[in-house]
Structure formats: structure tokens, C-alpha cells
Amino acid sequence: MNVFELVQKHGHEQVVFCYDDSTGLKAIIAIHSTILGPALGGVRMWKYESEEEALFDVLRLSKAMTYKAAVAGLNLGGGKAVIIGDPRTQRNEALFRAFGRFVQSLGGRYITAEDVGTDEKVMEWIYSETKFVTGIPESLGGSGNPAPVTAYGVYVGIKACVKEVYGNESLEGKKIAIQGVGQVGRFLCQHLVKDGAKLYITDIVPEKVKLCLSECKAEYVEPDKIYDVDADIFAPCALGGIINDETIPRFKFKIIAGGANNQLLDEDKHDKMLMEHGILYAPDYVINAGGLINVGREVEGYSKEHAMKKAEGIYDTLMRVFEISKKEKIPTHVASARIAEERIMNAFKIRKISLDLTKASLERRYHSS
Ligand code: NAD
């Protein structure tokens, strides 16, 4: 494996390998881009089969964060960290404090957050060593649980999709199938029923279904039957990879708009397939950006009101994505990447202009002395 070749291929700025002998910490921090601001992204703890697998994952995830922050209009770059280890047996304060010291050593170029295998408690441990951490408990001045903001962003995103397909954004009488009523799915249901939508919900955990049904009027569907529901909208809020060769032919939906990450099994192929089937797809990282918006606010001083307001911008962003997609006849996933890349390029040009001006002023001073 040639690490520098990989780094160059995906355009990363910096990759840091972190090892702490006393705790056994093995972590990789990848900073993909700081053009728009400090690189923010979660720290994932996972039982990787190999160091190579961990490196591939952190490079892929950190690049995705650059796009997510850029398209959400945040002044943040993209970064991510992975810790090689089993979160069930190796998660402890000493290890995460060691990780926190590495984060601190980067002086704010990378800001960490929760991800798979880490939670609010872990962020609190990291916070003992560095202030470059988000998602800390509200009691410590943090933003707490991001799910309500994520769900709100998905709700306004669904309205944008409905406007695009039906000409108005009313959800009254719209049939919506929701896969997964955990945190995001459950909060989403609460918004949708208020607007008069008819809900079909599923989850593999009966207690989650029971809780959701106690809060909202909805019809329960067996987990595997959710793809066949004769509904207008499908909102995946559970797993990744659920839009694939097997499920697409089953869909009767006009819209797919949900909070889950990595919904397309194959980004290039399945985005195109949805377009060919006449299904409007809200790119996952655009519609579920509420969580990032929420922790991003923490960097500037947290206010839930501001975070919710910013999440409302997901509506306009999606409308722009649909416009580009229609105009250029390209899938929505490709259209949103265009928006992100344009924003990064503009920021890069501004930075270059400012560097050129500084250089010119230094040269003037040098030559006149
Ligand atoms: P969660 O674990 O609280 O909820 C997920 C739910 O999906 C659980 O109730 C689980 O039982 C259910 N589920 C799992 N497999 C299923 C299946 N095959 N069929 C039906 N239900 C199934 O997680 P969450 O925080 O609500 O996040 C949901 C999704 O949204 C994830 O993909 C997550 O990465 C993404 N996301 C979450 C946030 C956030 O703020 N929490 C932000 C951005 C993206």
C-alpha cells in the first residue's frame, strides 16, 4: 500500500497516525480539506480487520465530510478519525483521553464528534483533554443529542421534494413509509403526522415501534415489506445500502428522502437507476445535514434556535440540487457534488487572491526599503 499515492488520489491535506503505548490507542485522523474552515467529523471506533481497511475508511469518510459541510453552507472543512478496536470491550476513558491529546496537538485543524462506536460520554472524556470536540453534553455547554435537528432537516427536505414533484409542499394525505423509528425516524414521524401525512412505519426492535405508535398515528409494516408499500414517499432512517438492484424494482414511491447515511449501495449506479425509474432522490448527505449543522453551531457558540434555522436551509439547497439535476440531466447525487465543489473552488480562489495580495504587499515593502 502506498499511503502518499492514496492521499494524493483523494486530495487529502493531512493524515495523522496516532499511537499511544500506555493505552494501546491506534487511531488515524484524516483531514481532507480545511479550505472552508476547520475539518469537522466524528471519531469512529470499529473492529477493523486490518490497518489498511481502517485507512481506506477514514480517507473515504473524511472526504464525504468535506462535501457534506460544503453543500450545507457551513464554514467547516472535512475530517474524520478512526480508532482500531472493539467499542464493546476496549472503550475506556484513558484511551479516549489519549485520543483527545492527539486532537489537541492539531491545534484546531481537526474537530472531533460522535460516530459509530462513540457517544456523548466519550465526547466528555475527550473534552477533558481538548476543546476541539463537539457533541458534548448540554450541561457542559454542548449541543447534546443532534437527532431532533437532523429529523427537522429531513422534514423540511421532504417538503422540498413534495414541492418539486407535486407543485406544492403540502403533506396532507401524503403516504409516507418510514424505515427505522429510532431517534431520527421517531422525531421525523412527529413532524409528519402534524402535517396530516399518513404514515407506514417499520423497525426491527418492537419497543421502538411501540413507542412510536404511542406518539403518532401510523400503520405498522413488517421490516422487509417496507419496500413494497404503495406510498408516495420512502424515508429510510435506519441502514445504509438499502437502495440497490433488489429494492429499486419494488419501489412504487415517487420520492426517496430520509435521514440514513449511505443509502445508495452503489452511488454511481443506483442514483442513475432511480432517475431512470422517475424517482426523485434527495441525496442523503444533503437532507441529513442537520446533525452536522447542530454540532457545527457548537464551534461558534451553541444555540438550538440557530441550528434549527440553519437546518431550514436544507429546503433551498435541495431545490438547487433539483434544478441543476434537471438542467444538466444528471442524477441528484452528482448535482449536489457540483454545488459542494463549486463552493470549495470559490473559497480556494478567494484564499489564493488574499495570498497573492499579501505577497504583492510584501514585495512592495521589500522593494521600497
Ligand atoms: P438509531 O439507532 O436511533 O435508529 C435506527 C433504527 O433503525 C433503530 O431503531 C433500529 O432498530 C432500526 N433498524 C435497524 N435495522 C433495521 C431494518 N432492517 N429495518 C427496520 N429498522 C431497522 O439511529 P439514528 O440516530 O436514528 O440514525 C438513523 C440513521 O440516520 C443512521 O443511518 C444514521 O447514520 C443517520 N444519521 C443520524 C443522525 C443523527 O443525528 N442521529 C445524523 C445524520 C445521519
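Note: Cβ is positioned from N, Cα and C throughout, glycine not excepted.
TrEMBL annotations: computationally assigned, not manually curated.
Cβ-based neighbour count (10 Å, all protein chains) for Lys80 (active site, proton donor/acceptor) stands at 29. Per TrEMBL, active site, proton donor/acceptor is recorded for Lys80.
For Val184 (NAD(+) binding site), the same-chain residues lying six or more positions away in sequence with a CB closer than 8 A to its CB are Ala147, Thr150, Ala151, Val154, Cys237, Gly259, Asn288. If you look up TrEMBL, you'll see Gly180, Val181, Gly182, Gln183, Val184, Gly185 marked as NAD(+) binding site.
Sequence-distant neighbours of Gly185 (NAD(+) binding site): residues of the same chain at least 6 apart with a C-beta under 8 Å from its C-beta are Ala151, Ile178, Gln179, Ile201, Asp203, Cys212, Ala235, Cys237, Ala238, Gly259.
Note: the Cα of Gln183 (NAD(+) binding site) and the Cα of Lys80 (active site, proton donor/acceptor) are spaced 23 Å from each other. Annotation note: Lys80 (active site, proton donor/acceptor) sits in a strand segment as assigned by DSSP. In the three-state DSSP classification, Val181 (NAD(+) binding site) falls within coil.
Within 10 Å of the C-beta atom of Val181 (NAD(+) binding site) sit 28 other C-beta atoms, taking all shown protein chains into account. Comparing Val181 (NAD(+) binding site) with Lys80 (active site, proton donor/acceptor), their Cα atoms are 27 Å apart once rounded.
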